[in-house]
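The structure appears below as structure tokens.
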């Protein structure tokens, strides 16, 4: 990150922040020493950000549309051309797609068994599997994560992948790739283990636990850290909460949508919120020093 400006006591950063987000420049407004500071996450955006600052200093009420002022706004790639700034998000989605192909989107149970939280055998109309303690005793620690890579059907995979890309890439640009990876692993383990311990059945999967973790994290961060951009609106958060609650009813089964890993969704959301709290504390401590 690069510090490019410190606001005077009578200057307010809200409009500058709005202009920067309109131009898709990732940044943070941080309070230090009694003043607001403007930090740019990608140093290559510094020149454009400084040009926007000059416009703002000339006219604090200036507005820019997506196509305004080619001298200020350089050409910005679309979300998929921007992939190199979100490598962990992209890598996870590629890995998930490969697993989807090799498992036949859940049809090839002998291969699906490589990725489930416990190995299993189907004998007649019964399924036999190991408790979590046995899984860990065997050293099969990857199974704590890999259920998130399994998807049962194309719609399941596409829906989750779109949300992980839409929300995950933005969060990765804000927190950095390494921290994003730690976050993703934490949420996937929490949601997978919670689902297995509560439900007691190994045949579940999907990135939906991570989706809920990302959504929860993105929703609460603007409350915890001043200047953090709003990625998840209140109506969108309400949609995810309603969908979570619907999963605990029989509505989805009535419409032939099958069962839902409700515990994975709930624990994904809780772990995302918990990580946000931890991250905000570390962020504020770091900024003090």
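All positions are counted from 1 along the displayed chain.
Cβ atoms here come from the backbone N, Cα and C positions, even for glycine.
Range annotated as transmembrane segment by TrEMBL, chosen from 111-132, 177-198: 177-198. The list of residues near the transmembrane segment (264-286) in space but at least 6 beyond its ends in sequence, with Cβ under 8 angstroms from a Cβ of it, reads 175, 179, 183, 186-187, 190-192, 194-195, 204, 206, 208-217, 220-221, 224-225, 240, 244, 247.
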